[in-house]
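Engineer: First the structure, which I've put down as structure tokens, then a few questions once you've had a look.
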């Protein structure tokens, strides 16, 4: 029994680290992994989702609908950004760094000016449950399920729908897709919008468990980039295993030596993975397959 | 970058200095007070109120005729929670604006960033913030509370009430590490036992593993010395995991007003020692709060740092007036050395200790309940910042311009 | 000697001919006269801006000329800053040791860049991944240094002192007949940095117009072609990385000596992004553009913070977006191009588009 309790404790921690990495990274995996856009404002899209979720929930909407509206608003903001800024920078990945850094400055400070330095939270729903001598938050199990659902959903959208096929075609050979009559501009905008909506969803999901402040997005951004880079270009083959590996590294190191080692371990893993597998885990899987 | 208004010839500056030096011009001249605080960036939550506190005090003082007949003029810069901005603007207020005194800094890193510049340019700075203690520098006056004031009151009280096993989680930098050291020492002195200690890097926002570690150690008391908005997420996550251990802190509630910002009951059962929060229920506190709300009706919260900044202006006023209007650092330090620079602040009586140039405080024990309402089970009057003086820092004799910690005390003479 | 000097102008740099060098001389003369026109604060503040420019020029070499974006130049900045602190706190400032400390600290950065660069370039890591690894390195260093608050973290007499930062190191000191000359941030430091900056700028111009620079640009334009032509791409990129990182280290020591203070947040995410922004806004493809752009951004952002109150960061962000959208090659390059069009005589100076 004691062993089972311990095993559950480890699985819970692994799942918690895994879901955080997957959710932090999923939007970026679409935007960076697929489109090659380095979006430093990714954290601010997450913040946007969290703010909308908290505001609508406090206004009386049930939390799940609040989270959904957070995702939708972030998605719309994302498409607007794509139209105004990102669209002009395709093929100039390094310039997007500067532009999106600028956007994140505007978003963070603009939120501070408009909405004040912090917002009261909504409280974590669903209470807790106990296994052995430990008690756990039930909501974090919801987060784990959400992470898995997002992965499955992404796979379905990009592999089993007409939009998904067109999107992958557009991103791989844009002029060919265009020649075949695909409205590539709309595809790019929509893909970016999906990435932004996923970021908003993450913000909404984590909003009840965190302090709602303008700078809250920055706590996601490092983990997001790390996961996407370790995963490599293919989001479905890459992101999930990368999050699993990194989640295990972090959970083990954190329970062994504390949070500092968890964080440094994460960064060192990235350096090693890039050195050994320059195109990430998905690159390795594809190479094995080929 | 030369901008049109920056072109003043050195000769003109020299002539200006000569004019300023004549006594007649000086009396009419305003006293300039530089304010460097973070009005944007990570720390803005806790520090915008500090600027307002200084503005409120300055308005009151100017309405009452100023300091020794001279108006008080504020020179305010936003340091953006960025250490390099502190370095740039500390130079600016001292060299360009030629302020008489500077009120500056929230994070300890920002204070350490500007302190060499204050020392080098022979300025005079007030640090109006609660911190890890130990700055022994004749160019600095510290009006915030320090660990010995907050922990020597809080920990014995909590250990008596809840038990002797203590677990600390602390931000992994100077403030957290030194505060944790204080907790360790005071727990030991009082016959308690440390059952765990964990340090959290700044910016970490996910705490599942930490919560589990705490449950494993089964402490009677949990000291939470977490800093910054990301780490504040701990409380929500611990409450969601049904962790119900009584918590003690020196930094929450009094600084970041987490009990207002989070949904109850995440901070229930939290005990904090602070020298002021807006719930303090004394006539002087109520009068202070009423004045504040009249001037800044949208202020989210008046925290201890805001009150420190407010009464610090009055401490400075008293020093200047007792030095017959002189703003020279040497003259003001002579006044401090007399040992009785005291003001009746909203919290109660506040005095400057001449050995360390830190302030004594009234310490309130604030308890947060299930609905996040505050009650005050206990108040200690006139708690002195005793440690630096006992450890061997005596600014009336020697000015080492250094920061010490319990494990790195001043060298013995 | 004359052959080397002829490399001062060439295909890789904007500006040639008597008109350009006359303008250069004029600017240098104005900069030399500057301390006599403004107050002590402005001189010290300008010297402070100069401290950062070396890092920007180094990144310009690595990214603009070499085509490899390093997002972690602050790692070298911090390493050298801490090294300067450790060395001078242990040895002191007598007999001009601070200058030796600067040299040693910069050499340390170059050594670390050699090791890291070997790992990167000989591992054939490029593009965005290079940026992510270098960023990871600087973040690891930041996180590590941030937790060294305890008294056990010391090197000799120097406490690392965690997130609060290391302080108390002496400013730069020149040995001088009749007593050492302490370079507090004032006229003396200003002239020292101005001289150093002018020499660095000219030396880099020679470097990029020499064979090394031409090969580097060829690699940036098409690595495969350069390789086919028989150049060892890895060596050239490594060389640029080491030189650029040594310059970042130089910035670190100068900044540390300027403020007598160095902190882990100098290696953090925000700090790491700043050099990239300076170089991108000015124009990464040219040394002069980087130099002018960096000074303009530093001064402009500081002025915004002073006069723009809480809107400063919003305006800064918008400016960056507008800059990238309207002047893809950088503001300064765009401005020089416009000047070149207005005044055809200068046009030859601009590199072929």
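Backbone N, Cα and C atoms are what each Cβ position is placed from, and that goes for glycine too.
Marked as transmembrane segment by TrEMBL: C:20-37, C:43-63, C:188-208, C:238-255, C:261-281, C:288-307, C:313-339.
Give me the structural setting of these features: burial, nearby parts and distances.
Structural biologist: Within the same chain, residues 9, 43, 46, 187, 190-191, 194, 198, 346, 349 sit at least 6 positions outside the transmembrane segment (C:20-37) and bring their C-beta atoms closer than 8 Å to a C-beta of that stretch.
Counting only same-chain residues 6+ beyond the ends of the transmembrane segment (C:43-63), those with a CB under 8 A from a CB of the stretch are 34-35, 69-70, 73-74, 77, 184-187, 189-190, 193-194, 196-197, 200-201, 204, 207-208, 240-241, 243-248, 250-252, 254-255, 258, 275-276, 278-279, 282, 284, 286-287, 290-291, 293-295, 298-299, 302.
Remote same-chain partners of the transmembrane segment (C:261-281), defined as residues 6 or more beyond its termini with a Cβ less than 8 Å from a stretch Cβ, comprise 52, 55-56, 59-60, 63-64, 69, 71-75, 77-78, 81-82, 84-85, 135, 138-139, 141-143, 145-146, 162-167, 169, 248, 252, 255, 290, 293-294, 296-298, 320, 323-324, 330-331.
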Engineer: Using Cβ atoms and a strict cutoff of less than 8 Å, what residues sit near the transmembrane segment (C:288-307) while being 6 or more residues removed from its termini?
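Structural biologist: Same-chain contacts beyond the flanks: 13-15, 45, 49, 52-53, 56-57, 59-60, 64, 197, 201, 277-279, 281-282, 315-316, 319, 330-333, 336.
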